[in-house]
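A.B. asks: Here Swiss-Prot flags Asp265 as active site, nucleophile. Here Swiss-Prot flags Asp92, Ser93, Gly94, Gly95, Tyr96, Asp146, Gln188, Gly215 as substrate binding site, drawing on sequence analysis. Residues annotated as Zn(2+) binding site in Swiss-Prot: Cys303, Cys305, Cys308, His334. The region 'RNA binding' annotation in Swiss-Prot covers 246-252, 270-274 and rests on sequence analysis.
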Amino acid sequence: MFSFQINSNCSSTRARVGCLNTPHGDVHTPQFMPVGTLGTVKGVSPDQLLKTGSEMILANTYHLHLQPGEEIVHEAGGLHKFMGWDQPILTDSGGYQVFSLGKLNKIDDEGVEFKNPRDGSHLKLTPEIAIQIQMSLGSDIAMAFDQCPPYPATFNDVEEACLRTHNWLERSIAIHNKSDQALFGIIQGGCYPELREESARVVSSFNLPGIAIGGVSVGEPSDQINHIVRKVAPLLPEGIPRYLMGIGSLRELAIAVSNGIDLFDCVMPTRLGRHGTALVSGERWNLRNATFRNDHKPLDETCLCETCTNHTRAYLHHLIRSEELLGLTLLSVHNISHLIRFTRAMGRAIEDGCFSEDFAPWQKDSIAHYTW
């Protein structure tokens, strides 16, 4: 039902190409996952998403628990049927919301007490509840409940979050009993190498079908993220997928892949699209700028997505300036396609034996700009 095969390795880096088999289809790695927090990738329909080449998306346990509630989703036949997406889905456990909504919660060893931001009611999220919600949602991959510490944080605070995350992982494993759903553990440790290494050892000891590196992209410098990945990735089991949470820039993706990471997610492509920004050749173009008013070329002349095939920079500029919703959708479609295309190009380079020359280390003026 769930398996992972490594099909090709780079001879000079840790980069690899693999295939993750799930009940709803295969995921070819390295793979970028668009974020569909509430069961929708903002502004993009499932059909449009499929045409970008996306193979798996991420949804969020915490937000779906609040609205519409896992009972409604379960009654509909599970999250895939509820949202009309018949491809793999990974659900995050809600641990990141412990970090991002810190003023609204109280954390102890039992779990997290939330004040519902919608109606002010008091809610509790524990490892057991988080896993039960994910089993009801019916995702292909569930994430263990974890505590994501903020940045910066003291050594003692991060150590406490690590110990709690490891305890919550044990409890998540104990309650999880859905045979057609894989459970991944999450490594924490902030920017402290010794805590990261210890967390990697502990989480790896549970022999799970996949492991994520969490607690990144919470405000720390990009170089710190790359340092964490270099430290942690070699400690992880070889034969399972490795998932770096919350990463989406081309440089970070390439560095992570060179260190043996397989899966990624980030809200960046759709967030930028909703603000009128397009990703083109690793750069960010603000389509509001007057320079695009009379520019009748495709948005990205090297891209074959529906946006670039059918629409010009001038038209997109017009839509954004006119505050037409279609403009935000078209930019989001392109931005997702941009990241999917980049990860696929890295996979081809690994198979062709030229990844280290083309992508690692990825530089803004490197050949990577011209080969994918």
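A Cβ is built for glycine as well, from the same backbone N, Cα and C atoms used for every other residue.
Can you tell me where each of these features sits in this structure?
C.D. replies: Sequence-distant neighbours of Asp265 (active site, nucleophile) (same chain, 6+ residues apart, CB-CB distance under 8 A): Phe32, Met33, Pro34, Val35, Leu58, Leu90, Tyr243, Met245, Gly246, Ile247, Gly248. According to DSSP, Asp265 (active site, nucleophile) is assigned to a strand segment.
Annotation for Gly95 (substrate binding site): spatial neighbours Ala130, Met143, Phe145, Asp146, Gln147, Cys148, Thr165, Ile186, Gly214, criterion Cβ-Cβ under 8 Å with sequence separation of six or more.
All protein chains included, Cys305 (Zn(2+) binding site) registers 24 other Cβ atoms within 10 Å of its own Cβ.
Same-chain neighbours of the region 'RNA binding' (246-252): 32, 96, 216-218, 222, 225-226, 264-269, 282, 339, 342, 362, 364, 368, counting only residues six or more beyond its ends whose CB sits under 8 Å from a CB of the stretch.
Per DSSP, the region 'RNA binding' (270-274) is made up of 5 helix, 0 strand, 0 coil.
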A.B. asks: Round to a whole number and give the Cα-to-Cα distance in Å for the pair Gly94 (substrate binding site) and His334 (Zn(2+) binding site).
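C.D. replies: It is 28 Å, counting Cα to Cα.
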A.B. asks: As a test of the contact definition, list every same-chain residue at least 6 positions from Asp92 (substrate binding site) whose Cβ is closer than 8 Å to its Cβ.
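C.D. replies: Set apart from Asp92 (substrate binding site) by at least 6 residues yet with Cβ under 8 Å, we have Leu58, Ala59, Asn60, Thr61, Tyr62, Met143, Met245.
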A.B. asks: Would you work out the biggest C-alpha to C-alpha distance among Asp92, Ser93, Gly94, Gly95, Tyr96, Asp146, Gln188, Gly215, the residues that bind substrate according to the record, and give it in angstrom as a whole number?
C.D. replies: 15
A.B. asks: Using DSSP and collapsing to three states, where does His334 (Zn(2+) binding site) fall: helix, strand or coil?
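C.D. replies: It is helical.
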A.B. asks: What's the number of neighbouring CB atoms sitting within 10 A of the CB on Gly215 (substrate binding site)?
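C.D. replies: So the Cβ neighbour count for Gly215 (substrate binding site) comes to 34.
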